[in-house]
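Undergrad: Okay, handing you the structure first.
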Amino acid sequence: MKFSIAAIALAAVAVASPVEMEPRTNPSTCNINGNNNGKVVCCNSLIPILGQILCNIAVLGSTCNAGQTVRCCETDANGGLINISLLNCVG
């Protein structure tokens with residue numbers, strides 16, 4: 001009895017076919033208004049006014065430094081220190 005249960009379980013595992021998975025989205029993009037055209041930026045929150053303007057776009061696979069806040073901005077900029085479109089950011 002145990003052998004037949006083990007054989008059936010093994011057959012069920014062997015027959016299970018993998019399901020086609022949805023491709024992963026780019027980790028450096030974020031969702032604005034239901035589409036993935038936003039960019040993830042890291043802003044310095046410790047500096048009161050200037051820190052919110054000095055935002056750098058997160059490079060693929062990188063993380064923000066300690067003391068920075070993460071925002072999702074609608075911008076076409078590829079990188080850089082200053083984000084001109086900060087008003088288009090979601091915090």
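Glycine too: its Cβ is placed from the backbone N, Cα and C atoms.
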Undergrad: For the disulfide involving CYS64, grab the partner from CYS42, CYS43, CYS89 as Swiss-Prot records it.
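TA: Matching partner in the record: CYS42.
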Undergrad: Looking at Swiss-Prot, which of CYS43, CYS55, CYS72 bridges to CYS30 via a disulfide?
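TA: Disulfide partner per Swiss-Prot record: CYS72.
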Undergrad: For CYS72 (disulfide bond), what is the tally of other C-beta atoms lying within 10 angstroms of its C-beta?
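TA: So the number of other Cβ atoms within 10 Å of CYS72 (disulfide bond) is 17.
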Undergrad: Could you find out if DSSP has CYS64 (disulfide bond) as helix, strand or coil?
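TA: Once the DSSP labels are grouped into three classes, CYS64 (disulfide bond) ends up as coil.
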Undergrad: Using DSSP and collapsing to three states, where does CYS73 (disulfide bond) fall: helix, strand or coil?
TA: strand
Undergrad: Which whole-number value in Å describes the distance between the Cα atoms of CYS43 (disulfide bond) and CYS72 (disulfide bond)?
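TA: Here the two Cα atoms lie 10 Å apart.
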